[in-house]
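Asker: The domain '4Fe-4S ferredoxin-type' feature in TrEMBL is assigned to A:5-33, A:71-102, A:103-132. Annotated [4Fe-4S] cluster 1 binding site per TrEMBL: A:14, A:17, A:20, A:158, in sequence order. According to TrEMBL, the [4Fe-4S] cluster 2 binding site annotation covers A:24, A:139, A:142, A:154. Annotated [4Fe-4S] cluster 3 binding site per TrEMBL: A:80, A:83, A:88, A:122, in sequence order. Residues annotated as [4Fe-4S] cluster 4 binding site in TrEMBL: A:92, A:112, A:115, A:118. Residues annotated as transmembrane segment in TrEMBL: A:233-255.
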């Protein structure tokens, strides 16, 4: 197994140019996502989905001091988190979703049968089915490029290095330093999201430096792998099944007893 | 910068990571503001007041870098007693002729210039008078260097009332923080923070840079915006030093290259002026008016003769004036907008449009299209069928009934072009850095490079030439570029080599100082001489930064002579020592007797700091060892420009042509020398008109490219910004009744367009002269066709045609408009609406 690779997206230096969105689509041959003016700041692709694997969110944060005006324009390039414990993979009945040697999560389009179980399983709402195709698509962290020793297209295109690609351990160390630097500069709102292996998904392979609460960026504050409770549920189910068998058996016994008693 | 030059902006991000503070001055809060330390919203069209107040702040508090200012600028130079300032004449400088609306600049000269003007000033004076009112002498300013004496009288104590320093103090005395608040809408506190930051960050140990793009240039005072920044930077000692300068963010790819090897009507390669039909009968006449005799323009004969030799080869000899007579001549202003008016008037019959889309991209779209419709023939070369090529079948004037297809006789030739990835050549970027690009793939089908087009067009024309004298210039033209491949593509390397130039032995030259006035050298563009030194394409060098110094001299090639920072003699003190260790860049090595440092010194290598020019010296020999600005006649940075500008020796605040407020400083409201075209095709909104109460400013978005021909047909870009929108503050939306995501109609006297509404706090109302001024932002990437997956109305249709008098740039960044909720009327009803606004 190769080293675990990941993305560190430092939103404090994102300029919202969307080069990541374009580079991703160019390399991966992802179709356009429609031509819809959304009137939501400069975001017209809306969210991650089958046809948008990198998505730049634009948040015009109102000023708390004066009640009018602006307290910054947050920009953040969102992407599949490549969870350590990936629910999409857990629920995939065909094995189309798998963990690569880089510990990233990839859908094999030629194996996917379009059942769509992965879609509600994702705690971030990342993976989706392409309407006119039926199969599920999402970021592969440019698996093919990685196999060729190249960094993913989005990271390559990012002019400010807001998107950094590399061994996850190195990225986490670099991110910790970056947060410390920002805190020293008085930007105490800087925080990491998805960097901790102890979180509900066992840590993200793609994590972020945010300048506000995750909800502000449209990210779940405390994501949990949706299949976390499955083993327990199975245990319960097994227990329940056993109990039920017992009850049924007893009931038969009871019935016969009663019958006998009659 | 983050919006329009995101790749270059990475270096601003890098600078911030190293502790730089970034201020962003813009009417709107943009993607640049988001990454700046401070955003200063400003009323569009008011920047000279902001910059002028910074100059005043420096002067009043004596925060200038005095040693630098005394040695390297013309602060001490004494100006003619005839000069009168705008403070004396209520907004006019001396020499203004109200009839021709032009200046005679003779009273702006340094003291000691004869009453009878020197030969060099004559051209400018003629231009100022009615005699040559239509001859655009101002076209030649900035090319060839404005003339002045090499050693004018000075007062190093700076006390003489007519020295430049004192003139500056008086001129900018009323540019105060209070005025900034009144005119720009920038608060005194914000101004104080900006003024403190730039002055604290200038001097021996620190430098400050100003970065601008068309937000500064597209004004009737565009050139003077840059002049104001120049004065400030010279006072603070920020020119010719690392981390300093005034950095023009040029348009995309190679706009710098297209002025060096010009696509402009008024200059030849290397900023040599275009000859004039009425004044320049021969080479000697031309050279007399073509710039200064002192400084490096003193070698202009070598530059020009070498150019003529490059173009006409063995036919160009001393006996025939090196074929100077073969060059086309100017008869006046042939700028873009004058050409359009001449099309409408029927005097321009044919038109080449190459990689542009003026039907969408130029101001006053209706006038553009009326011009196109009145041509005999039109050649359009582009990647897609742009609106300029299809106006006759689906332009907006057909819908309104102003044009009918059957009435348009223009024969349109559309020729598909190769993209940048499908041809080789160089890009010249804003740092004057030439970078060679290799061809990635062949262009499809009939698409061809510009080089192929002009080369083969030239060949075909030459095959049809007669023996008549009129065809001689083309017959004798050196047109022998080697061809490569099945498609006979001319060799771009061979063209670059010709531009570089060759010596008598036929080998490439290494530097423009090797050029000779006797016809023994050839050079297609003197400032590019050296790009093919040693027969090597120096622009193709790609040595990684890790393998060379931080100046990276072996990445590409920068003109002139591979210098990365111009005028870098100023990075050392008068004695030749670095101003500080921290800012050491080039310096004098006394032991070796030469200049050395991190960059190629922009100075004669062995001219010592204590060199004093002998009497009567010419060219660079006339400049002292302490004169860093070697292209200027006196070697000094010009705080005051005694010649060279059409609208005054100093920048002065004028309101834009269309403005909601009066000029608080002067009775003279707008630039008196601005170029107006008051015609039915391009009327103006009246100033301070309640019918047009809002300020409109236009701009580009990261997601699109100019008029959209390179982005609207691409789904990956079109989906990111699929519709024309206007940006308005919540206050203005409430006032007009606009709804986020709904529609708005934007109206000027030119036309009305519709756009989706984006209500945003990023646009803020400003308090100006006691009034609330609302600004409306409009990007301009959409058009009705152009192969676009997304279409929309054209913003530039709203703009007036009124120009800066120096460079004829249109005022696209500050006009007035009205705003209405809902979509615009269509058909003849649109004309009815505009008529109401004009007459009402």
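Just so it is clear, glycine is given a Cβ too, placed from its N, Cα and C backbone atoms.
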Asker: Can you tell me which of the binding-site residues A:80, A:88, A:115, A:118, A:122 is spatially closest to residue A:154 ([4Fe-4S] cluster 2 binding site)? Compare CA atoms only.
Answerer: A:80
Asker: Applying a 10 Å Cβ distance cut-off over all chains shown, what neighbour count does residue A:115 ([4Fe-4S] cluster 4 binding site) have?
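Answerer: Taking all protein chains shown, residue A:115 ([4Fe-4S] cluster 4 binding site) has 16 Cβ neighbours within 10 Å.
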Asker: If you count the C-beta atoms lying within 10 Å of each candidate's C-beta, which of the binding-site residues A:14, A:112, A:122, A:142, A:154 ends up with the smallest number?
Answerer: A:112
Asker: Please identify, among the binding-site residues A:115, A:118, A:139, the one with the smallest Cα-Cα distance to residue A:20 ([4Fe-4S] cluster 1 binding site).
Answerer: A:139
Asker: Write out the long-range same-chain contacts of residue A:92 ([4Fe-4S] cluster 4 binding site), meaning residues 6 or more apart in sequence whose Cβ is under 8 Å from its Cβ.
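Answerer: Set apart from residue A:92 ([4Fe-4S] cluster 4 binding site) by at least 6 residues yet with Cβ under 8 Å, we have A:117, A:118.
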Asker: Using a Cβ cut-off under 8 Å and a sequence separation of 6 or more, which residues in the same chain sit near residue A:158 ([4Fe-4S] cluster 1 binding site)?
Answerer: A:19, A:20, A:77
Asker: Report, as numbers and ranges, every residue of the chain located at least six residues beyond the domain '4Fe-4S ferredoxin-type' (A:5-33) whose Cβ falls under 8 Å of a Cβ in that stretch; write 'none' if there are none.
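Answerer: Beyond its ends, the domain '4Fe-4S ferredoxin-type' (A:5-33) has Cβ neighbours at 42, 45-46, 49, 51-56, 58, 73-79, 82, 102-104, 130, 137, 139-142, 145-146, 152-168, 171-172, 174-175, 178, 182, 187, 190, 204-211, 217.
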Asker: Given binding-site residues A:17, A:24, A:115, A:154, which are under 8 Å from chain B when comparing Cβ atoms?
Answerer: A:17
Asker: Identify, in sequence order, the residues in the chain of residue A:139 ([4Fe-4S] cluster 2 binding site) that are 6 or more apart from it along the sequence and have a CB within less than 8 Å of its CB; answer 'none' if there are none.
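Answerer: In sequence order, A:24, A:53, A:54, A:79, A:80, A:82, A:126, A:206 meet the Cβ cut-off.
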Asker: Find the average pLDDT over the domain '4Fe-4S ferredoxin-type' (A:103-132) in the predicted model and report it.
Answerer: 96
Asker: Give me the count of other Cβ atoms within 10 A of the Cβ belonging to residue A:24 ([4Fe-4S] cluster 2 binding site).
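Answerer: Summing over all protein chains shown, residue A:24 ([4Fe-4S] cluster 2 binding site) has 25 other Cβ atoms within 10 Å.
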Asker: Taking only same-chain residues 6+ apart in sequence, whose CB is under 8 Å from that of residue A:83 ([4Fe-4S] cluster 3 binding site), what do you get?
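Answerer: For residue A:83 ([4Fe-4S] cluster 3 binding site), the qualifying residues are A:105, A:123, A:201, A:202, A:203, A:204, A:205, A:225.
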Asker: Just to be sure I understand, if DSSP states are collapsed into helix, strand and coil, how many residues of the domain '4Fe-4S ferredoxin-type' (A:103-132) fall in each?
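Answerer: Grouping H, G, I as helix and E, B as strand yields 4 helix, 5 strand, 21 coil.
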